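Chemist: So Swiss-Prot has the following annotated:
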- 56, 60, 63: [4Fe-4S] cluster binding site (BINDING)
- 100, 131, 191, 263: [2Fe-2S] cluster binding site (BINDING)
- 41-268: domain 'Radical SAM core' (DOMAIN)
């Protein structure tokens, strides 16, 4: 009998009851639902590139890109088009089907919108899906990016409404929900999830998933991040989250949002192969591939390739053979060359 339910009226106590299930029961329920919708041995692969790094005015306590914290991160200007395209070609050659571009902004400036739209069009011309995360979007900005062909827009809710004020004060929870509304209204697909391990309680993890699952339409992609503690940020000395609580979060996300891609996102660098295998069984079916997520370490491509082989997993769209090849096209986003080179885009030159 099918356990799949697509609902938008989940109550907090229902979700907390799922979290409280014995692990075997929870995993069985989540995996059964997962198999009803998806091939359980296929994983969607995305590559994430920081197109503008650091100097963000926001005060997210987990983020090394905030200008408010001394994390040793050097700010970078918006990347030049050819640099972005070289990275996109490398991602495609390595088996990624989606290329995600992130900028450390509160929101994009109007002067940069034509360039961002061109970036979307150029990457799409390579035959890849496109995603951006640029901060808050107005209705007009969302429509502009949609008109350029942007497939996905990422804007995370981060945590529950109740715990949110302990994480960030420079934008409201409603600001985030408004951006998701603008993205969905534009026709783009929504990518939205959160971060666990930020000192929140179990009820906050339930609250985050409740907010996502009770949106008028579930996010198409739900990234679940494990906090990566960065020296210099207010959250650098928080206690580690029990890894099994992370697995539970993945499983409950799969149950609540059965048609969504659930992405095993930041924090994989610190996860054992066994923990990742449990997450895939619990319903995770998307990852970021490559050694860095914006400014955060990620497993090497060869490590992911080996894990996929051992687990019998394969990338979506049959790019398995290309995972054999080492990506030798360009140094990764952290190894940017001289800031004065043509690697960076100059908005003033438009």
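Positions of Cβ are set from backbone N, Cα and C atoms, glycine also.
How buried are these features, and what lies next to them?
Modeler: Taking the Cβ of residue 60 ([4Fe-4S] cluster binding site) as reference, residues of its chain lying under 8 Å away and at least six apart in sequence are, in sequence order, 66, 158, 167, 168. Classification of residue 60 ([4Fe-4S] cluster binding site) by DSSP places it in coil, neither helical nor stranded.
In the three-state DSSP classification, residue 100 ([2Fe-2S] cluster binding site) falls within a strand.
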Chemist: Take the C-alpha atoms of residue 191 ([2Fe-2S] cluster binding site) and residue 63 ([4Fe-4S] cluster binding site) and report the distance between them in angstrom, rounded.
Modeler: 19
Chemist: Using a Cβ cut-off under 8 Å and a sequence separation of 6 or more, which residues in the same chain sit near residue 263 ([2Fe-2S] cluster binding site)?
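Modeler: In sequence order, 44, 46, 193, 221, 222, 223, 224, 284, 286, 287, 288 meet the Cβ cut-off.
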Chemist: Reported as an integer number of Å, what is the Cα distance between residue 131 ([2Fe-2S] cluster binding site) and residue 56 ([4Fe-4S] cluster binding site)?
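Modeler: It is 20 Å, counting Cα to Cα.
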Chemist: Counting across all protein chains shown, how many other Cβ atoms sit within 10 Å of the Cβ of residue 191 ([2Fe-2S] cluster binding site)?
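Modeler: I get 28 for this one.
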Chemist: Note down the number of other Cβ atoms within 10 Å of the Cβ of residue 63 ([4Fe-4S] cluster binding site), including every protein chain shown.
Modeler: 25
